[in-house]
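**Q** Got these off TrEMBL a minute ago, pasting:
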DOMAIN    B:1-108  domain 'XPG N-terminal'
REGION    B:98-117  region 'Disordered'
COMPBIAS  B:98-113  compositional bias 'Basic and acidic residues'
DOMAIN    B:147-219  domain 'XPG-I'
REGION    B:344-385  region 'Disordered'
COMPBIAS  B:369-385  compositional bias 'Basic residues'
Amino acid sequence: MLEARLQTGALLKKLLEAIKELITDANFDCSDNGIALQAMDNSHVALVALLLRHDGFEPYRCDRSLALGVNLLSLSKVLRCAGNDDIITLKADDTADVLSLTFENTDNDRISEYELKLMDIDSEHLGIPDTQYDAVVSMSSAEFMRICKDLQVLSDSVQIDVTKEGVKFAAKGELGSGAVTLKQSANVDKEDDATLIELQQNVSLNFSLKYLVNFTKATPLSTRVTLSMSGEVPLLVEYKMEAGYVRYYLAPKIGEDN
Amino acid sequence: MGIHGLSKVIGDNAKEAIKEDDIKNYFGRKVAIDASMSIYQFMIAVRQQDGQLLQNENGETTSHLMGMFYRTLRMVDNGIKPVYVFDGKPPTLKSGELAKRTQKRKEANASKEEAEEIGDQEAIDKFNRRLVKVTPEHNAECKKLLKLLGIPYVEAPCEAEAQCAALAKAGKVYAAGSEDMDTLTFGSPILLRHLTFSEAKKMPISEISLQKSLTGLGFSMAEFIDLCILLGCDYCDSIKNIGPTRAIAMIREHKNIETILENLDTKRYPIPEHWPYKEARELFLNPLVTDPTTIEIKWEAPDVEGLVEFLVRDKGFSEERVRKGCERLEKNLKTATQGRLDSFFTVKPSTTPSAGAKRKADEAAAGAKGKKPATKAAGRGRPRK
């Protein structure tokens, strides 16, 4: 049986906003470690992996591992009934076919209870190899969102070049071209705005902007985002939270040589 | 014609082997397409409103070119990279089947004349379609068209399906595209059907996995091939009175045709006089194909002027449409193709812990009251009373 109480309900709401447009149904894999989810989008271009560690909940109890199959749109609809300051408790029996959600508002002693029907989902789990990335860029998540949205005006794909000087996002389309370069900077005053680059080797990769813009829906979860890249392997976009993370993987666009 | 009733057998026994998906989710995939079958299909399906074949001013048929041009464009628009495979010489074993087809054509011709006499337009149309024959000229024209389009093609030494399967097996392409189910029998890991259908049909692509079919049936490849022979293939007759259900049961019990024959009540199930099942099996196991590693597949830019010359001047296509089509081809060739995660990460068996399995077991125990119907209804989170 699972029982997980989350002090800031807003976190769960934001999480759902961050993934619900990419995937429709997914299994929440609950174990004593916490709650995890891994799912690919329909076209097998992007993958979401998220983890809410057990220490993010108070209390957290999961006696045996459970997979809760959920339609994410439905869950987000139910979560819309919760206030941002509500305490959210998730509960499911080992054999349950519903997930029960309780929203408590301490200010006005309001308690609402919902049950969400679960579903059987056959999902393909992907084994993600531990990769030593050639370039890891850590930057402001708001800045990343702005760049993606700005460049989307021009083209449906962006070329990301990372050198030790900085990271450059460039797009070229029918109406013209544009590029944004962020120089490596350790901005001491505003830590959140700094752009940090760890580089083994220069990289230059092409990605679909549609997907990147979709990933930036996770921006409210964290002020920072890291982009990890190596030649010819999927990009990793990670938003770290206090007790967990949301990771997006995106397959690169490949040139015509194949 | 493939294997008689195989798609139903797989659908009934290994449901998980068949997956339906939108054509747009196949972007970036290379697919080997059985050209001969596609052309035949185009000649049947691509018609004028009155059911006549499309023709140019000189009365030459253009249905095959029209089909080839637009359906290929549709695939390319969706990011698929097609390579066509043409039939070579039919295997000698197929002569029986071919003779049957000629016979059928004759019958159709006779019926058509009959229908013409009484003026039954619908019947005339029907028999007209049965009379369709793909001539070497049609094939040659299609090859010419493909060359101008910059789409690669391969000439198989023998059966095109077998060559498609070999290409897919060797990893040269992702899948074989054909309507013929015997592509699976030839060992193609994945078969895509409905790939060359028209957009208007809104038919999703049906993807059939050989491995999952085998697992679902609980058969080895050798047993699967024997099953296909029993079901009825192009290369030898099937035994009378043995339908799909009995064929599966027999293979389950006896594992191969030899043992089945030893235990067969030949009065109830008369074995055809000349029944070269061993040769047929050999043909499926080791078909005559060109070694896929020696084949180079390359997609090139279309020859626009050449296409206009051929399609517009010779075949009476609309110039505007041909040029538009070429633009689409060029655009798709230039833009980098989106990669797919599954080519980087490997699918591992579901790590869903026992709880999931248990729930499924529970569901089975609960019978019809299980959760499956809830799948649809799950769209609504229902407030508790």
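A Cβ is built for glycine as well, from the same backbone N, Cα and C atoms used for every other residue.
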**Q** DSSP on the domain 'XPG-I' (B:147-219): how many residues come out helix, how many strand, how many coil?
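**A** Secondary-structure breakdown of the domain 'XPG-I' (B:147-219): 28 helix, 15 strand, 30 coil.
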**Q** How many helix, strand and coil residues does the compositional bias 'Basic and acidic residues' (B:98-113) contain under DSSP?
**A** 16 helix, 0 strand, 0 coil
**Q** Would you report the average pLDDT that the model assigns to the domain 'XPG N-terminal' (B:1-108)?
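**A** Summarising the domain 'XPG N-terminal' (B:1-108) by its mean pLDDT gives 86.
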